[in-house]
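What follows is one structure encoded as structure tokens, with my remarks underneath.
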Amino acid sequence: MTPVSSHGLAESIFDLDYASWKIRSTLAVAGFVFYLGVFVVCHQLSSSLNATYRSLAAKEKVFWNLAATRAVFGVQSTTAGLWALLGDPVLYADKALGQQNWCWFHITTATGFFFFENVAVHLSNLFFRTFDLFLVVHHLFAFLGFLGSAINLRAGHYLAMTTLLLEMSTPFTCISWMLLKAGWSDSLFWKANQWLMIHMFHCRMILTYHMWWVCFCHWDALTSSLHLPHWALFLFGLALLTAVINPYWTHKKTQQLLHPVDWNFAQEEAKGSRQERTNGQVPRKKRL
């Protein structure tokens, strides 16, 4: 395919009538279906090819597939977010009201992804009889925030796209957790990935400071273009990210580098280890 035809294909994908609610809702549904497909394909491939995956408990398998799905979304979000932050002249010129067709595409598909995340979290909680309030609130804020951007035709795209850039850590988080479950926490690759992941969380903190700066510099335009509930939700969510979520996860990931532990399932593993010791068996290192 020639560069000209490639450029034309990209334009045809993004050059849609985004003023139409039908187009936006269709893309949101497409985002949901696509990432559901990623989840299912990951399960099928891991079941066939990965010994570590087959040895996991059902709850851990769900987490494994969700981590892989989030990593794929993280690649999409990081690519789009970096271009919005560093490369797009329209968004750079007007950070409050600037809009681009390619941004509409990512905002609507991200809405579908975050809806998938909420469905997956609630079904997992129901099936395994668990409830993580922190995780539920986090995903609910993300979905409502992007739903507000997908609905509001006047909303600028810069802040929405830089919010997507916060997903830059998810591919590294996925790799870290999978290798940890495989027993590779002593490997140089795991440690290097962990260092990069910690760096990404520091970059997330810097990015939230930049987003506050954009909010303060364009306060009037943002207040007039966003619906009050959406604007309040965004500010509250950004405050949580800045003051609680980013510092907390940066601390946890740094702690994990020094003491490699899967705290997501620490209690289950501790219980399993006690049972194995009771039966006179020594836990074996898992392999990929």
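A Cβ is built for glycine as well, from the same backbone N, Cα and C atoms used for every other residue.
Keep in mind that this is a model prediction, so the values were computed, not measured.
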From the ranges 131-151, 173-193, pick the one that Swiss-Prot records as transmembrane segment.
131-151
Any idea what the model's mean pLDDT is for the motif 'ER-retrieval signal' (285-288)?
50
